[in-house]
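TrEMBL has this to say about the protein:
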TRANSMEM  C:12-30  transmembrane segment
TRANSMEM  C:96-122  transmembrane segment
DOMAIN    C:97-313  domain 'ABC transmembrane type-1'
TRANSMEM  C:134-156  transmembrane segment
TRANSMEM  C:185-204  transmembrane segment
TRANSMEM  C:243-270  transmembrane segment
TRANSMEM  C:290-316  transmembrane segment
Amino acid sequence: MTHPTPVLELRDVRKTYRLPHGQRLRAVDGISLRVMPGEMLGLVGESGCGKSTLGRCMLRLDDVSSGQVLFEGRDITTLSERKLRPLRPGMQMVFQNSTAALNPRRSIGDLLAEPLRVHPGPDGRRRAAATITARLHELMALVGLPASALARYPHAFSGGQRQRINIARALALSPRLVVADEPVSALDVSVQAQIVNLFAELRERLGLTYVFVAHDLAVVRQISTRVAVMYLGAIVECGGTDDVLHAPAHPYTAALIAAVPRPMVGAPPAMLLRGDVPSPVNRPAGCRFHTRCPQAQARCSAEEPQLRAIRPNHEVACHYPPGEENPPA
Amino acid sequence: MPADPVPLLDVRDLCVSVPANGSMIRLVENVSFCVNEAEIVGLVGESGSGKSVTAMALMGLIDSPGVQVSGSARFRGQELVGMAPRALRNLRGGDIAMIFQDPMTAFTPVYTIGWQIDEQIRAHERLSRRAARARTVQLLAEMGVPDPARTAQRYPHQLSGGLRQRAMIAMALSCNPTLLIADEPTTALDVTVQAQILDLLRGLRHSHGSSVLLITHDMGVVAQTCSRTLVLYSGRMAESGPTATLFARPAHPYTAALLDSIPPLYGTRPHRLPAIAGVPPTPQERPAGCAFGPRCAYVHATCLPAPPPLASIGAGQQAACVLPTEGKPLPPRATAQAMQP
Amino acid sequence: MIAPLLRRLGQTLLVLFGVSVLVFAVFFATPGADPTARIAGRNASPQIMEKVRLEYGFDRALPVQYATMMKKLFITRDLASYADRGELVVPQILQAAPVTACLVCGAAFIWVGASIIMGTLAAAMKDTWVDRTLMMAGLVGISIPVFWLGQVANLVTQSRYHDTWLFSWVPGLGYVPFSEDPGGWFRALVIPWVVLAVMFIGIYSRVLRADLVALAGEDFMRTARAKGLSPTRVMLRHGLRTALVTFVSLFGLDFAQLVGGGALLTEVVFGLPGVGRLTYRALTNLDLPVIMATVMYSAIFVVVANAVVDMVYLLLDPRVRDAR
């Protein structure tokens, strides 16, 4: 059996920030991950779990403190910005705040043409003006905006339309990998559904590989084929979307799912977790979740569980996942 | 359903207008609803629907120049619209209290949490500092704040989002309000913390006898918390009714479409989400007819000349739509989500 | 709380050292100019030149020259002005400093009080005629040059209307020490105080109003109103208290530069023998030791005031306290 090269591979990636008084904030704490071609990976977790930092590390928008980042099999961990530049068209990012990501003083056409002007075309030469114009019209059609939008300025658009423009910009150079950081969380529900659908359409038409960073489980479920749940800088559970969301193996995943208020009357009340997420500056020893875990036992506060497969394509970092009668010694 | 006693809050035809470019723009148009004793009522809508403006207008907290509030809002029989500022101030924080969205920015950064709660108590009651602090600590403890006496001495930025929101609720409850207006109280919080705060809000009816007017954009929050719900769209009422009825048999196409466009967490995943095309109109561009008309799948000639009046559908449900009166009500929602645990 | 204060103190000393090196370099280590001639003053005799060269060690290495200068300034305090017939510089400054301090403190008292009242009042009555009038008055205050205002004040109180009942109490130009005659001290200073304060009242009231208006849109101001507090309390305890953080940092720097000699024009116009007037005279005489000493004195004040402002910041803003 031959394995295709992952589009993105992380090997024990860590990102540590130094704080005053010699403290360290371990935002990303040893994450290994593979994203295969055509996959849509959802990265979920609560605020401060390090999911956005990890998203930026994937594209080397942030430097990692240790570990390796491989893009299409090539180690990009320590590449200089200059050597990274020819690879940039292949990996793009969509940000949460659609307004802040667009320069208000430049027209949409101008904003979208910029990457096309800066990066050479597939033949290695600068793109001709006519090629660029044709590409801009193509992009507008792709994200469902009229071509007339090109002449207008960002303020003339609603939040949902601006997010379409941001997506168009990310797609301008035909990337293989798109990392989207909370792309729909600032949008109203009715508009959010439009953008979620757009992402699904684009994957079918362009064969893209996505990483979605999001806190909304329902959105992640709709969009992704695989889900990785993060807690305090580490992945606690990872697997196929339906496996993880229908049969969560980590108590944190289960609590996260149960806590989502469901839009139906008479649903059972949420299982409540105690307290808040601990600070990533002094994270608990042992299992990082044991301070809030309803099933925590003595072993959990002493020994840190490693991510292990409990089924094909389903890994969990828990000493006592449900359904496992005899926990490994 | 028991016969309605005199409602705690009775809002009728509330309109809020602000001047812009020489004319008055109606941010909120003819909104009517009531909140009974010990009841949680949800006010839902997307951004710009006028849900927050409605609450702020009730409390007399809109201070943009030239704002006009008309209609009627009776709180225990007292008219709030046009009430003298001093009398309204005595109600604010006393009988009617508010909770805001972002507990980080909603506390003054330079005072401790305890100081700010004491301040509210002492603004409404003649109480010594010591007695006020004792009540503050007790309230924080009731809200599930660990080590309440020390937490009271901490500054807002030193607390987590969940604790700040608990402190905010403690402050709102400090003078035993009969009505609590909560404006997106959980939007800035993580889901696990949101679940804790919603649980707390649900319990207030029994522990403190408070009614809650819950303003939110999240249909899930409404379903889990509110007994009755009011749906706003572009500053107008789209639909109101008991939450269970509203979710099972929405009478307004907007309510139905909004519910459909939420990605399900259980059951089959739709290939595409049934999204609503387009965006809500801004108050300036609101059409003469039904505001939802341009995005509605059922729009027809009757909808266009004037906004459809609020029609009673039965069992306390009302919708501003012509379909029920034309004898073509919407089908009940396919409750695929209800199948799952 | 102690550790950040100590750290700040260390930083202050370091900055002072840097400033003194810089000032020394500008005056004495500039290539192509003979510092001896500068200190000795114009038309100095060869004997005096030789004496100065020996005294200041100008024939030795630069670090030694620097050390000599610092010793003369801070330890032996025998830095002498040759242009002014050998008068010792440091005692001169020590004598002038209280005059400047009295002038600036009085003015600061007036401008802080007046600008807080004006700024808060204007913000509370935003967009009314009160607001517009106060802010227009502030603008006028900023635009009037202090020496012109001083001259006009002198003209009115000293000559034109001096003999009327209105201004007959005004003493002649000059300074009366507080220890000799408190009443006379007050009478001599009250007009300079007001004149010096006018511009700052203008700036501070406008800045404060802008801050308060911006704060009025903040969530916590809305919370304060929702708590049922009176508008006055919301404005003072929540708005003004928060706005004070920026106000204090602005004040610290202005106050320091005035004490350090920035009130020069006011002192000259009213004949007050303060540090500013000392600098002014030294400049006109090209009296290098005095200039050097006043610049050092002024630098010390600005740096120390900066440190004080930072510490007050720690007291005023709990967020800053935790960030250290």
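Glycine residues also receive a Cβ, built from the backbone N, Cα and C atoms like all the rest.
Curation does not apply to TrEMBL; its annotations are automatic.
Not measured: the values here are computed from a predicted model.
Ranking C:12-30, C:134-156, C:185-204, C:243-270, C:290-316 by CB pairs under 8 A with the transmembrane segment (C:96-122) puts C:185-204 at the top.
Listed as Cβ neighbours of the transmembrane segment (C:12-30) (distance under 8 Å, sequence separation of 6 or more from its ends, same chain) are residues 38, 58, 62, 65-66, 69-70, 288, 291-292, 295-296, 299-300, 303-304, 306-307.
Counting only same-chain residues 6+ beyond the ends of the transmembrane segment (C:185-204), those with a CB under 8 A from a CB of the stretch are 102-104, 106-112, 114-116, 118-119, 137-144, 146, 149-150, 153, 157, 169-171, 174-178, 247, 250-251, 254, 258, 263, 266-267, 269-270, 272.
For the transmembrane segment (C:134-156), the list of distant contacts is 118, 121-122, 167, 173, 191-192, 194-196, 198-199, 201-203, 205-206, 209, 265-266, 268-270: same-chain residues at least six beyond its ends, Cβ to Cβ under 8 Å.
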